[in-house]
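Visitor: The structure under discussion is supplied below as structure tokens; questions concerning it will follow.
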2 protein chains.
Amino acid sequence: MMMADIMKCSLCKTNPKIYYQRHSGLNFCKECFIKYILKRARKTIGRKNITKDMTIIVGLSGGKDSLVMAHVLKELYKPIPNTRIIGVMVDEGIEGYRKEGITHAIEFCEEYNMEYKIATFKETVGYNLDEIVKIAKEKNVNLNPCTFCGVIRRKILNKVSLNENADYLAIGHNLDDIAQAVMMNYIKGDINKLAILGKDAGSSLFVKRMKPLQDIPEHEVLLFADLIGLNYHKDPCPYSSISYRAEVSDIVENLEKKHPGTSYSIVSGFKKLIEHIPVEKNMSICKYCGEAGSSEICKSCALLENLGIRV
Amino acid sequence: MMMADIMKCSLCKTNPKIYYQRHSGLNFCKECFIKYILKRARKTIGRKNITKDMTIIVGLSGGKDSLVMAHVLKELYKPIPNTRIIGVMVDEGIEGYRKEGITHAIEFCEEYNMEYKIATFKETVGYNLDEIVKIAKEKNVNLNPCTFCGVIRRKILNKVSLNENADYLAIGHNLDDIAQAVMMNYIKGDINKLAILGKDAGSSLFVKRMKPLQDIPEHEVLLFADLIGLNYHKDPCPYSSISYRAEVSDIVENLEKKHPGTSYSIVSGFKKLIEHIPVEKNMSICKYCGEAGSSEICKSCALLENLGIRV
């Protein structure tokens, strides 16, 4: 009786199941689940991109998503000759939060024998995020910390990628992250952001992006991280709770609980929609920093100028 | 002191304000608000559509939206020669609910000297909605009553419109209704429904639709109804609370409360998106009922056949 209760893996039919995937109805054992995630990511990246002489910059926060992504990339490119996978940690300067994430990322890179770089807000734009948020508050500029952070972080990651002549910048967004971002821009009615979310800018000024985990739901990324024994940073960013995104994240999470597959349907509908939407390609060089932007002043310089702290 | 507290209308600067519009910052008196709503609807309908020799079928449930729409159409077409505006009430057969709505609609039509017709589910498809819902339950068919109701109601309204050779079928959806429908299909990832929502089918088998209130938020429709003293049906449909739409409606309502303008941004973003999306134009004649459908069996006949009650 007790033995019969142990469910077997639907794939290998041998090992005990450790995970039941609701939408497919499949049971997975540890080994088959790990293989499945690698296969899923390989499909997302595309066979033609897993080829020799590639340079990939990997944004590493030290959290589960970025470290799982880096692990997956290391595995998938292991048999490929002459591939460079370089981790980049961006230190925004968030007191009591960022240092621990970077520590985890460094430990990961050392364990995986992965080249890495650390870039800071301070050395790039002259101020760290805590200082920028404080100044914005003092000047009564009502902008979410996540907006500053996202704009500057993207600028830094793009800059490092161009400096390294990278083929791709890999970002650890999972399916839930993408569903949230899509919903947020649906609600805001921001179709330019939707277009950028779904497609590359198509300009040599912006390195192409790769999101190996984009088809994998967050809880599967988490399970994978724990199964392979990753030591990742678990704390949430202290600024995240006050973001609009957190509100939308709650909405999507609640819908997903009541109607499993909601994140997937949001993203798959979005992908179909976005095929028809043209990306605005008026890229230019920022007259202040000389880097890529969508108008004559890049978003990062515009935000800092608005605060009177553009260096 | 007391006199100074009475705020004046921002438009006529004379009458006391009765409504403050948050997004514009304007105060309206009763007269200016009524004029404003008529102007807004005229803009939505388009000047070129307010012309002589038109036949417009107006779907009337007896609720505030459909009666406000009918009032607005009557007002806008008053100076136009040779226009027919015909009310159509669809009796789905919902015990303890629909009769009262139809009574309000008939009273409206008589007061406004408006031609009207009553069509029933029973005489069109052989069963009323209560019977269909009961049969679905008995046969364990897990389909929302709103799905049956919407599909059959649309079929009936289209049929009546074609019989009357109508130029337009006018539907009383307000801005909030449209925001909800858009969000629901964003979440389901149903881009065909999104395309149909945003555009006419472009086929002579389907009469063109007009939504005069589509740019007016629900609370303004309600205020207008009360200001002009409309006597409308106030009860909610007994089936509405169990619909997926009710869940999405709560989400949009909560967002609107915290972030005024959300419904507007959802719809305006959607309109920009939808310009790029082609409508699938494979219209055909249903092999059972001989009416328009998107495949060889129309949705109405398919639903009824699935229940084994297609007449």
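Using the three backbone atoms N, Cα and C, a Cβ is placed for every residue, glycine included.
Under the heading Zn(2+) 1 binding site, TrEMBL lists B:Cys9, B:Cys12, B:Cys29, B:Cys32. The ATP binding site annotation in TrEMBL covers B:Gly59, B:Leu60, B:Ser61, B:Asp65, B:Val90, B:Gly172, B:Asp177. The Zn(2+) 2 binding site annotation in TrEMBL covers B:Cys286, B:Cys289, B:Cys298, B:Cys301. Taken from TrEMBL, the feature domain '2-thiouridine synthetase TtuA-like N-terminal LIM' applies to B:8-34. Here TrEMBL flags B:56-239 as domain 'tRNA(Ile)-lysidine/2-thiocytidine synthase N-terminal'.
For each feature listed, report its degree of burial, its nearest neighbours and the pertinent distances within the displayed model.
Guide: Other Cβ atoms within 10 Å of the Cβ of B:Cys29 (Zn(2+) 1 binding site), summed over all protein chains shown, number 21.
When secondary structure is read from DSSP and collapsed to three states, B:Asp177 (ATP binding site) falls in the helix class. Taking Cβ-Cβ distances under 8 Å and a sequence separation of 6 or more, the neighbours of B:Asp177 (ATP binding site) in its chain are B:Asp65, B:Glu218.
Spatially close to B:Cys286 (Zn(2+) 2 binding site) yet at least six residues away along the chain are B:Ala292, B:Gly293, B:Glu296, B:Ile297, B:Cys298, B:Cys301, judged by Cβ distances under 8 angstroms.
In this model, the domain '2-thiouridine synthetase TtuA-like N-terminal LIM' (B:8-34) carries an average pLDDT of 95.
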Visitor: Going by DSSP, give the three-state secondary structure for B:Cys9 (Zn(2+) 1 binding site).
Guide: coil
Visitor: Hey, how far is B:Gly172 (ATP binding site) from B:Cys12 (Zn(2+) 1 binding site), Cα to Cα, in Å?
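Guide: The Cα atom of B:Gly172 (ATP binding site) is 29 Å away from the Cα atom of B:Cys12 (Zn(2+) 1 binding site).
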Visitor: Please report the number of other Cβ atoms within 10 Å of the Cβ of B:Gly172 (ATP binding site).
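Guide: Excluding its own Cβ, the number within 10 Å is 23.
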Visitor: Select the most exposed residue of B:Leu60, B:Val90, where exposure means the fewest other Cβ atoms within 10 Å, treating these as the binding-site residues.
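Guide: Result for the binding-site residues B:Leu60, B:Val90: minimum number of other Cβ atoms within 10 Å at B:Val90.
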Visitor: Where the distance is taken from Cα to Cα, which of the binding-site residues B:Cys9, B:Cys12, B:Cys29, B:Cys289 turns out closest to B:Ser61 (ATP binding site)?
Guide: B:Cys289
Visitor: For the recorded Zn(2+) 2 site, whose residues are B:Cys286, B:Cys289, B:Cys298, B:Cys301, find every other residue on that chain with a C-beta no more than 8 angstroms from the centre of their C-beta atoms, and list them by sequence position.
Guide: B:Lys155, B:Lys287, B:Tyr288, B:Gly290, B:Glu291, B:Gly293, B:Ile297, B:Lys299, B:Ser300, B:Ala302
Visitor: C-alpha of B:Cys32 (Zn(2+) 1 binding site) to C-alpha of B:Leu60 (ATP binding site): distance in Å?
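Guide: Taking the Cα atoms only, B:Cys32 (Zn(2+) 1 binding site) lies 26 Å from B:Leu60 (ATP binding site).
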